[in-house]
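Taken straight from TrEMBL:
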- A:6-29: transmembrane segment (TRANSMEM)
- A:41-58: transmembrane segment (TRANSMEM)
- A:64-83: transmembrane segment (TRANSMEM)
- A:95-115: transmembrane segment (TRANSMEM)
- A:135-159: transmembrane segment (TRANSMEM)
- A:188-208: transmembrane segment (TRANSMEM)
- A:228-249: transmembrane segment (TRANSMEM)
Amino acid sequence: MIWVDTIVQGVLLGGLYALFAAGLSLVFGVMRLVNLAHGDLIVLGAFLILVIVSALGLNPFLAALVALPVMFCLGWGLQFVVLNRTLGDDILPPLLVTFGLSIVIQNALLEGFSADSRRISVGGLEAASVSLGPIAVGVMPLLTFLSAVAVIIALNALFYRTALGRAFRATSDDPVTAGLMGVDPKRLFATATGIAMIVVTIAALYLGTRSNFDPTIGPARLIYAFEAVIIGGLGSFWGTLAGGVIIGVAQTMGAAINPEWQILSGHVAFLLVLLFRPRGLFPRAND
Amino acid sequence: MTALLETKGLTARYGDFQALFGVDLRLDAGETVAIIGANGAGKTTLMRSIAGVLANGPGEVLFDGQPIGALPAAQVMARGIAMVPEGRKLFPSLSVEENLLMGAYGRKVEGPWRLDTVYDLFPVLKERRNNPGTALSGGQQQMVAIGRALMSNPRVLLCDEISLGLAPVVIRDIYAAFPQIRAAGASIVIVEQDIGQALKVADRVSCMMEGRVTLTGRPAELSREDIHAAYFGVHA
Amino acid sequence: MSAPASSAWRVETRTRAATGFSVFAVLLVAIAFAAPFFVSRSLLQDLFLILTMLVLAQNWNLLAGYAGLVSVGQQAFVGFGAYAMFACVSLGGLDPILAVLIAGVAAAMLSVATGFFVFRLQGAYFAIGTWVVAEVVRLVLAQWRALGGGTGTSLPNAAIRDMAAVQWIAEAFSVRSAQAADILTYWLALILCCATIGFIYWLLRTRQGLGLSAVRDNQEAARSVGVDARRIKWAVYVSVAFVTGMAGALIYVQKARISPDAAFSVVDWTAYVIFIVVIGGIGTLEGPIIGVIVFFLLQKTLADYGSWYLLVLGLIGIAIMLFAPRGLWGLFSDRTGIQFFPVRRILKGGPSTDHQGTRGGPHG
C-alpha cells in the first residue's frame, strides 16, 4: 500500500515536471531551439506572481492570470529581439546566448529579491487533501497534474487543429517555403515563445505555491524539464507528460528508500532510458 | 497600360556570384508568360527574386506599378503573388489537406479557389487528403503544390519547373489544369525547360541565358532557329 | 605531393607576427617562472587563479570551439579530479603532486564512462546531457562519507607541508611552508598551462587537427574525405577531461578544502569559463588568453558588487555572441590580420605572385 501511495505521489509530481517541460518541448518543436534559460524563466515567473500577489493582494491563481500576458509579451520580445538572431546552422550562438541569459536572470533576481527562500501562499489549500479510494491526495498536487494534462491537451489541439499550429509545423519543416505561404518566421517564432511563456507561467504558479523557491533553483528545473522531454521523445507532447511522470515516480521511489536519493534516482532513470531507448519512449516517426 | 508584374533591370547575386544581369520581364493581366532556358540560366533565381525569397537589386520589381522588390516573401505573397517552388517543397509533417490549407495562411481572400474547387481541379487529392503530402507520387505532389499556391487566390501564379522529374503523361495531366486556372483569373509565369510544353501554353515566351533575357516574343512569331540561338547562345 | 608544381607551392602556417610572438612568449614564460622571486604572495595567488582558469578555458575552447561539443558540464571533471586528489591524499596518503596526475587519469576514465551517455545526444541536447552527468557525479560524491559527504572536508595540513617539493622550496626561498605551497602550486599551474596551450597548438597543426576543423565546419563533408568524426570527438572529449581533471585537482590542492557544491559549481567551472572563451574569441587559441585577462580585470573592478559581477559578465557574453561572435580577439585579428598561434594553412609561392588572395578559411 505504501508503494501505491508512493507511485501516486510520484505521478502527481510528474505533472509538475511535465509543466516545466511542455514549454521547452514546444519551442524545440517549432524552431529547434533549446533554451538553457528555461528554468530561470520559470523562476522569474514565480517571482512575478509573488510580486503581483503582494502588490495587489490577489489570490495566486488570479495573479497568475495577470502574469500571463506579461510573460507572453516578455517571451515574444525576447524571441523577436534576441533569440531570432541566434538561429541558424551553428549551434553555438543559441546555446551560449541562452546560457548567458540564464546567468543574467539568476543574478538579476538575486539582486532584486536576495537569496532568501520564498513561497506563494494559497491560503490553506496547501494542506487540503482529498481521498482517492484508500489514498489521500493533496489538492495542490492533484491540481498540478490536472493542469499539466489540460496544458498537454491544449498544446496538442493548438498544434494539430488550428491554422497557427499548421504554420508552426510547416515552418519547423521548411521556413523558406513557409514564407511563400505568408508566414513571417521571425514573428511566428516570437509567438511560439510567447505561448511557451504562458505554459511557463502556469508552471511557475505551481512551482511557487507547492514548495520554496529562490533565484538559484532554475537550472535544476531546466534539467528535469529536459529529462522529461528526452524520455518522452522529441516532438511528442504526450511523451513529455509521460517523461515527467517517469521522473516524478523515480524521484518519490528513490526518496522512499533514502531521502538523499530523491534527485539522484530521477537522473538515473533518465540515464537508463538514454542507454536503452536513446530516441525516447515515443519518438516522432519522421525525425 | 501598366503591366500587372514587371521587372526592370533586375539583378541578383549569391554572394560573389552574380546570377541576374538586368532582367526586364513583363506580365500583363490575364497573360501566361513562359520563361525558358538551360540549367543555370537564372530562371529560378528570377522567380525567387520576384517572390521575395532572395534579396535582389539593384533593379526593380513592380506589381500593379508598386515596387515590391524589397519586400519579404510573406508580404509579396499577401499582395497576391503565389509561387509553386522548384522541387514542390511540400511540408512533410502536414497532410495533403493541411498543405493545401497552409497555402491560404497569409492571404485570405474570397475567390474561385477553395478547398472544394481545388479538389475538383485535382480529384485524386481528395481521395488522399489525409495522407502525408510526401507519401504521394511525384505528379500528385506537384498537384498539391499547385493547389496550395491557388488556395490564396493569387493574381499572379509563379510556377517553377513544374514538369521537372515527371513522366510525360503526368506532365500532360498537370498542364491540362492550366486552362481552368487561367479562366479563373490568374495571370501565370511558367519556368520550363521543356520548350515544346512552354510554347504550347504561353502567350509570350522569354528565353534566358547566363542571367540575361536573350529573346522575347509570341510563340507563333519565334522560329526554331531564334529559340535555339537564344537558348544555347549559338546558331544551329 | 610529388607533382612537379610542388617546388613552387608551399603550405605554411608560419606568419611574421607569430615568429615575433614566439620570442616574446618564451621571454614571458621565463619571467613567469621567475615570478615567485619578486611578486607578493597575493599576486601569486591571483596569477594561480588566472593560469588555472586559462587551462579550463583552453580546454573548453578545444571542446566547443574546435570540436563543436558544447558542454555545460565540465564541472563534472573539475569536481571529480578534485575529489580523486582528495581521496589519494587524505585516504591513500599519496603525495599531492602524484595525486594530481592520478586525478587526471580518473577524470579521463569518468569521461569514457559518461561519454557513452552524452554522445547519444546531439547538439544542444549534448549540452544539457553533460550537465545532467555533472549533477549525477556531484550527488553520488556527496554520499561519500569518508570525504565529508554533503558538507565536504579539508586536506590534512601535514599533507601539503610534508611534500618534498614544498620543503625544498621553503628552504631555498626561506619562506614558511604555506607560502612555499603557493609557490609550488603556482609553478605547477604554469607548467600545466604551457603544456595545455602547447598540446592544443600542436594538435591543431597536425593532420588530426585539420580533421577536427573539417568535422566542425561540415561533418558530412569531413566524413566523405575519410575523417572519422566520432573517433576525433571521443579523443578530444577524453583528453579534455584528463587535463580538466588535473586542473581541478590542482585548484583544490591550493584551496585545501572541498565540498560537493563548490567542486561541482556550474558557475565557477563552466559559466566563468564559457564567458572567458566567448568574450576573448571562441575557436582561437589567443581568445581565451584575452578573455581570462578581461575576466580577471572585471572581477577586480566589480568585486564589491556581488551578483552585479555575474550579471555584467552575462550581458557582455550575450552582446559579444550576438554582435561579435568571434570575440575580442576576432575583432582585433580581423582588423590587423595578426595571429600569434597560426594554425590556418597558407598557400605560398606558385606560378603567380598573388599573395593577397591566399588567405585560408575564416577559422583561426
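The first residue you see is number 1, and the count goes up from there.
Positions of Cβ are set from backbone N, Cα and C atoms, glycine also.
Within the same chain, residues 33-37, 39-41, 43-44, 47, 78, 82-83, 86, 214-216, 218-219, 222 sit at least 6 positions outside the transmembrane segment (A:95-115) and bring their C-beta atoms closer than 8 Å to a C-beta of that stretch. Counting Cβ pairs under 8 Å to the transmembrane segment (A:188-208), the stretch among A:6-29, A:41-58, A:135-159, A:228-249 with the most such contacts is A:41-58. For the transmembrane segment (A:64-83), the most Cβ-contacting stretch among A:6-29, A:41-58, A:135-159, A:228-249 is A:41-58 (pairs under 8 Å). Cβ atoms under 8 Å from those of the transmembrane segment (A:135-159) belong to residues 4-5, 8-9, 11-16, 18-19, 22, 26, 29, 122, 125-126, 128-129, 165, 168-169, 195, 199, 202, 206, 209-210, 237-238, 240-241, 244 of the same chain, restricted to positions at least 6 beyond its ends.
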